Amino acid sequence: MTALLTLARRELAGHFFSLRGYVIMAGVQLLLGASLLTVVYLLNGLAYDLPFTEKFPQTEFFWLVLLMVAPVITMRTFAHEKARGTFETLMTTPVSDIQVVLAKFIGSYVFFLIAFLPTVIYPFLLEHYAHGTMQVDSGAVWSLALGIGLYGAFFMALGCFASSLTRSQIVAAVLTFAVGTGLFILGYLADLRPTEVQWWHHLVQHISMLRHMQDFSTGIVDSRHVMFYLSLTAAFLFSPSNPWRAGDGNEPIHTRLSARRRWSGWINLLCASLAVVTLGVALNYYAHQHYQRQIWAQNLEYELSPRTEQLLGDMTNEVEITVFFDRTESTFRLVDELLKQYVHLNPRLQVTHVDPLQQPREARRVQARYRLSEQQHNVVVFASNDKHKVISGAQLSHLTPRKASANELQSAGQENANEGGGFVMERTAFLGERHFTSALLAVSGNDQPLAYCLTGHGEHSITNLTSMGFGEFGQLLGEMNLQVRDLELQNNRPFPPIASYSLFPARNPNSLWRNNVGSINISIAAAG
C-alpha cells in the first residue's frame, strides 16, 4: 500500500510540476465558467423552468470539457513512458504490475476531481447571491457530483487503456476522445430518433450517457448506472491487452514477431478478453434485473400509495405509455420519475418519451395516432386493448397564487412589476399518481362499471360541477374507473337495462316513491 501511494503521489505531482497541468486546469475552469454563465443567462430569462443541477449538464460546454479533459490528462500515462524508454525501468522496481496501473489511474483521477471541484461550489454560490429567490437541493448537487465522479473514473480508465496501446500521446488522446464521443453520440441519436426494436432500444438506453446524467442531475442514484461505470472502469484498467501484461513494446522485432506467432498466447489473450466481456455483461444484466433507485433530491421524494402498488402488482395487461412532453418543462422530471417507479413494480408498462420540439416527425405520428391537436403538448397517453386515455399537464399540478416580489414579476414579464405587487402561480401538489393510476384502470380494465346516483327527491346531481352538486365526488369515482350518471325513477320510468352498476341511495329513503322502490328491488333481483 505504501508503494502504491508513493507512485500515486508521484503521478499526481507530475501534473502540477509542469506547465501542462496548469494549462489543463485553466482550460477546464474556462469551459466550466462558460457553462455557469450560460445557466445564469437561462435563469434570468426564465427560458427553462428547471433546477440548476439539471440546467448545468444541458450546456454544450459541460459535455465539451468532460469529453476533452480525459484524453489530455491520460495521454501521457503510458505512452510517455514508452517514448522516453523509461517504462522498462519502472517495471523493474519492486512493485507489482497492478500497483503501477492503479497508481497512474489514481494520480490522473485525483487531478480530474480537483479540476471539476468548482461544479459542487457553483450551486451554493448562486443560491447565496440570488438572495433567497433560488433554492438549491443539496441532495441533487451531491448526486450530480457522484455522476461526474463516475464519468471521470470511466474516462480515466479508458484513457489509460488507450495510452497503453501506443507510444504516441496524440494517438492515445484521439482514441480516447473518439470512443467517448461515440458513446455520447449514440445516446443522443437514441433520444433523437427512437427505434422500434425493443432490445436495441433498451441496450442504447442502458449505455446512454445523456440518460445517466439526467438521472444524476435530478438527484436520482440508479444502481444500474453505478454498475455500468464501475464495470467499464474495471474492464479497461485490468484489460489483458494492457502493457503490464503485453510487455513494453521495446523488445527486438524478431522477438515480438516470434511471440505473436505463438498460438497459445493468442488463445490465452482471446479467452481472457472473452472472460472480461462476459463478466461485465453478466454484472450489468444482473444489475438491470435487480436494480435500486435512491432519491437524494428532497423535492422528488415520493412513495406510491398501497392502492397503486396493489394495482401494479395485479395488472397483467401490456400498457403503452407515451410521455408527449417538452423535456425542459418543470413537470417532466416529476412525471418521468413517477413512471419509473411504476415500471419498477410492473415491467409490462412500456414508456416512450417524445419531445415535440426535438422530435417533430415522431410528434406528428403520436398526434395522428391519438388524435391530438397541434396545441396539445405536455400530455401523457396511456394505451391498451384499443383504448387510450390522455392526461394533460395541467391536470398534474395543483397551483395556488403566491405573493411575488417585484424582481420575480419583472423576470416573469408581468406589467405590474414596477408597482411591486402581484402574484405568481406556484405548484403546491403533484397529482401524477392520482391521474396515472386512474388512467391505468381505464385502459387495462375489461369493463367499466356504471354508478347511478338517484335524483328527483331533492338530491344534488353527481354530474353537477358547481358547489351545490356532487361533481367532485363524481370526478373521484371517474378516476377509479367508474362511469357516473344521474338516475331519476319518477313517472314509472323503466330501470336501465345495465348488467353492472351501483346505486347510491336518496337523501331520505322514506321519500322514495313506492314504485321507485319496486323498480330497484326488481333490478337487484335480476342483476344484483
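Using the three backbone atoms N, Cα and C, a Cβ is placed for every residue, glycine included.
Look at TrEMBL and you will find 21-41 (among others) tagged as transmembrane segment.
What TrEMBL lists as transmembrane segment is 61-79 (among others).
Residues or ranges marked as transmembrane segment by TrEMBL: 100-121 (among others). Taking Cβ pairs closer than 8 Å, the transmembrane segment (100-121) reaches residues 4, 6-12, 14-15, 21, 24-25, 28-29, 32, 56, 69-70, 73-74, 77-78, 90-91, 141-142, 144-145, 148-149, 152-153, 155-157, 159-160, 237-238, 242, 244 in its own chain, all 6 or more past its ends.
Here TrEMBL flags 141-163 (among others) as transmembrane segment.
Taken from TrEMBL, the feature transmembrane segment covers 170-190 (among others).
TrEMBL lists 226-244 (among others) with the feature transmembrane segment.
Annotated transmembrane segment per TrEMBL: 265-287 (among others), in sequence order.
Each residue in the domain 'DUF7088' (302-394) has a pLDDT score, and their mean in this model is 87. As annotated by TrEMBL, domain 'DUF7088' applies to 302-394.
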Next on the checklist: Could you give me three numbers for the domain 'DUF7088' (302-394), the DSSP helix, strand and coil residue counts?
Outcome noted: 38 helix, 24 strand, 31 coil
